[in-house]
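Straight from TrEMBL, the features:
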TRANSMEM  20-41  transmembrane segment
DOMAIN    39-158  domain 'VTT'
TRANSMEM  48-69  transmembrane segment
TRANSMEM  112-131  transmembrane segment
TRANSMEM  138-161  transmembrane segment
TRANSMEM  173-193  transmembrane segment
Amino acid sequence: MDIASISQPSSWTNSPGGYFLMFIAMVLGGPAVTSAGAFAAAFGVFNIWIVFIVSIISNLVPDALWYAIGFLGREQVIERLVKKYGRYFRVSTRRIGELEKMYENHVGKTLAFVKLVPFLATPGLIAAGMARISLRKYALWSIVVAFPTSLIFLLIGYYFGATYERILHYYTAYGGLFGIIIVISFFIIYYAYRKFTKKLRTKIDNIQ
């Protein structure tokens, strides 16, 4: 890939319209889009600080949406959304009830926990609203979790962007060996992630 061509941003990408599309992509795609945006920012395509701000906002918007659903319509959530569409989001009335109990004892820890575990995010945030957690406290903890999460994925993307030439050099020099290492690393990380989330799911399901 021609690095010079990457480092010449168009007026469209580094504009309000470009950042708005980035925001939509981050809401739908999650932290991976933050890393992709930071990677592009390393070449000057985007402003790294704006990418960071957009990442935080995109992290908070779904939090507000799911909290509002749980807070404003407990009966509607259980009877209509959860029972009809819950299976698509791994949401069940039992799991929401368990998370509500967790919020009663540890608001901050529980909110951080559910936001960092993909399969718990949606039911966990709905449960926060249903548990009638203080909006001020909920917003505070959401920001506390969103800030470092966005920062970590931002740094990962920016670092790989900044070292792109070096990575490309190793790939060119060692070819197949480099590719094998990447594939093996991917499967190790994926396996560890699956084991971790499975263990967390078991703990949640065993909460009485």
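Keep in mind that glycine also has a Cβ here, set from the backbone N, Cα and C atoms.
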For the transmembrane segment (20-41), sequence-distant contacts whose Cβ falls under 8 Å of one of its Cβ atoms, 6 or more beyond its ends: 6, 13, 47-48, 51, 54-55, 57-59, 61-62, 118, 149-150, 153-158, 160-161, 164
Close approaches to the transmembrane segment (48-69) from elsewhere in its chain (Cβ under 8 angstroms; 6 or more beyond its ends): 19, 22-23, 26-27, 31, 34, 37-38, 41-42, 77, 81, 115, 121-122, 125-126, 128-129, 133, 135, 138, 142-143, 146-147, 149-151, 153-154, 158
Secondary structure content, the domain 'VTT' (39-158) (per DSSP, counts of residues): 104 helix, 0 strand, 16 coil
